[in-house]
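Engineer: Per TrEMBL, the features are:
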- 344-753: domain 'Major facilitator superfamily (MFS) profile' (DOMAIN)
- 6-23: transmembrane segment (TRANSMEM)
- 374-396: transmembrane segment (TRANSMEM)
- 408-429: transmembrane segment (TRANSMEM)
- 441-461: transmembrane segment (TRANSMEM)
- 473-495: transmembrane segment (TRANSMEM)
- 507-527: transmembrane segment (TRANSMEM)
- 572-594: transmembrane segment (TRANSMEM)
- 606-627: transmembrane segment (TRANSMEM)
- 639-659: transmembrane segment (TRANSMEM)
- 665-686: transmembrane segment (TRANSMEM)
- 698-718: transmembrane segment (TRANSMEM)
- 730-752: transmembrane segment (TRANSMEM)
Amino acid sequence: MPSARTTFITISILCLGFLLYNLPTPTLYHSISTNKLFSFMSSTSCTSTSLSGWHSRALQSPYAAASSFEPKLDNLAFTVLHSTPVEPEGFTLALFKQGNDAIAIDASGNVLQLSESDATGLTELAQSVNTLPKAGGFRNTWRITQLTTSQPIERVLVKDKDGSSLKETSVQGFANDKKELKSAVGDATELPDVLYTFVGLALEAREGYERGNAGGVVDRVKGLFPLLFPSIHHYYPQAIPNLYYVAAMQSGGSTSTLLGHLEPSPHRHPSHLRSPLSFTRRPRLQLMMPTEEKRVSSEEKFGNGEDKVDLHHLEKGSGSGHEEVEADSEAYERKIVRLIDRRMLPVLGLLYSIALIDRNNLALSRTAGMEEDLQIAVGYRYSIISLLFFIPYTLLELPSNLLLRQFGVRNCLTFYIAAWGAVQLGMAFVKSWQQLAGCRVLLGALEAGFFPAMTFIITTWYKRHEVQGRLTFFYVSAAVLGACSPILSYCMTLLKGRANLNGWQWIFLIEGILTGILAIVTWFFVIEFPDKNKFLTPEQTQFILQRLQKDRGDALPDELTTRKVLHHLGDWIIWAHGFMYLSATMPITAITYFNTIILRGMGWSVTASMLLITPPYFAAAIISYFIAYYSDKLKKRAIFLLFQTLATIAGLLIMAYATQNEVRYFGIFVAVAGSLAMNPSVLAYSANNVVSHSKRSVSTGVIIPFSGIGGILATTVFRQQDYPRYSNGIWAALGSQFLMLVLLAATTYTYTKRNRLAKEGKVEMLEGQPRFYYTI
């Protein structure tokens, strides 16, 4: 017989083990044997077969006040949801405790009163599910081994004993005759008995269910979880709450969480919606009960050195400076989106214009005396100097994009710009073409993370069919400003001889100083990702996150792991978009680098060649904005890309084969008009068909480096010996457009087929999101 001391120590160790196991620290998850935990829970949880048939018994005793029953989040014990490709927002069961009554809502909308024994048994089982170790991944899902991947997902959400939070545990591919897991969770290779039993019992609530026949009470239950049921507001508008954003530190790292509370109007919101709800990607649903009229201090709002916000109930009309969010107000939505536009797009456009000027001023400097001073016209020297920029630019784009969230947008962009501004200054004092080539290598390395970062940040702030217009605005605006650089450069060359510097040296010197000044602007005005921004109020932030969640289901970032990166890299569609981006980049890059040389070959003077570069870009900008507007309005991408590709082909053919210089110059207009906005069009086409921050980071990091490859090709196929018509280079650019047509046909066919199969319910949810369809 063990002594009392031994018994006490044993019990203490078991309690400590359970405490450590349930702490949100991944490194402690395997501190205790998983099998022992399962064994312990199986022996203590209520798994008696006496619960079987609870639903049939309950049908014999419907709740007397069913017609007046209003579900309240405060009274919820647990709920079970059902997700399939055909019914992504399915509902199975919810149990509410109202006084001494235990009221269950089944899938058909029946309001049932459970016996005390059935209610207690189901609740204890649900609480036991909460003690299971985390399975990891999205929705904390235990996956059963099945022959096909398209399997229903049973989502179990159980309130903690203290009533402060809801914890989610999901099972994919549940079957009465199968428990083997697709991948082990710790030491467990089978579904835990307690979870197997509970899900099996919960599915009894689907007996007799026919899709589309659920009662209105099911809609009201779904209304308690607006972020889990994003479509519910279409027929139940009062379900949309005022959500507040929280970036909470969990598990030793930053995990974004949405906390919400309702401030219902007596004219619009029923009383049962007064409890707040939050949604998190961990996945864990934080349920914060309302506190008394407590206002938010600046420290609570923005944190105290930690990335943490604690948002409390704000007194309506208290003069706290926070406005009531009308989530269904189109005017309010337009106001917030325009605020983001004004804050983000002009700054990014200005920064990218400087990047283009710094990158592309090589051709202008060549005509401003650098060709003679550094002897870069000899052999392939100019092409080599141009090419070397794109090697580090291509290789470093993906790694830099993967680190963007870790170091922050503002920190990364400020460093990039300040560093390449210093390199630009150094280029003013090089003494040989080899030194110039070395500076170009550094410039390429520092600019590598710049454009992918800006593309990534824009695509995370806007809905899918708002992206192309924004990408086009900042990209084309930058290109037009960059096209004005010849005029600016010409003015700089007038300083030739001052301070014993040639005209090309003044170009590098002044542009390097301007770049350094813009690094300071970047630090103060560039904004972070939506979940980390500081320029919006908490109400505005939650509104933006809510609309993104409804649009594509990835408002909050998922964890970026090596396994995810490798998985995303295996998607051939990403690589197809990459080659499309190469095809889009090559013509406009070639025209940008060799425009002045091509124009001089037509017989124009140095001054005229520098000034004639700009007009085609202004004409192309107008056409680009027109394409972007209607592409977003019609929610179409491929047809506009086809038009742009055909226009580029026509312009290049005119440049190659027209005999009169004026007609060839018109060909430049047509080619620039077709190719200028092709880059943002390809990026929008790709971004619209990607879900999750991890895949978005990988896709932009993969696709944009292809512009470097396109740049390498563009700078090498225009050879010095082909001067002045450069027919071989133009035909190489034409080849890239034919490749674009092939890839456009392949991706369009693939997206169309996948959409059709998804609508017919023959494939799993596209990109893991209910009702998500690819944009074509």
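Each residue's number is its place along the chain shown, starting with 1.
Quick reminder: no glycine exception, Cβ is built from N, Cα and C everywhere.
All TrEMBL annotations are machine predictions without curation.
Computed from a predicted structure; not experimentally measured.
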Engineer: What parts of the chain pack near the transmembrane segment (665-686), using Cβ distances under 8 Å and only residues at least 6 beyond its ends?
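Structural biologist: Long-range Cβ neighbours of the transmembrane segment (665-686): 455, 459, 467-468, 471-472, 475-476, 479, 574, 577, 580-581, 584-585, 587-588, 591, 595, 598-599, 602, 612, 615-617, 619-621, 623-624, 627-628, 631, 637-638, 640-641, 644-656, 658, 699-700, 703-704, 707, 747, 775.
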Engineer: Are there at least 3 C-beta pairs under 8 angstroms linking the transmembrane segment (606-627) and the transmembrane segment (473-495), leaving out pairs fewer than 6 apart in sequence?
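Structural biologist: Answer yes, regions in contact.
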Engineer: Among 374-396, 408-429, 606-627, 639-659, 698-718, which stretch has the highest count of C-beta pairs below 8 Å with the transmembrane segment (507-527)?
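Structural biologist: Counting Cβ pairs under 8 Å, the winner is 408-429.
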Engineer: Counting only residues 6 or more past its boundaries, what in the same chain has a CB within less than 8 Å of a CB in the transmembrane segment (606-627)?
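Structural biologist: Sequence-remote neighbours of the transmembrane segment (606-627) are 364, 367, 469, 472-473, 476-477, 479-480, 482-484, 486-487, 489-490, 595-596, 599-600, 640, 643-644, 665, 668-669, 672-673, 676-677, 680-681.
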Engineer: Within the domain 'Major facilitator superfamily (MFS) profile' (344-753) only, compute the mean pLDDT.
Structural biologist: 87
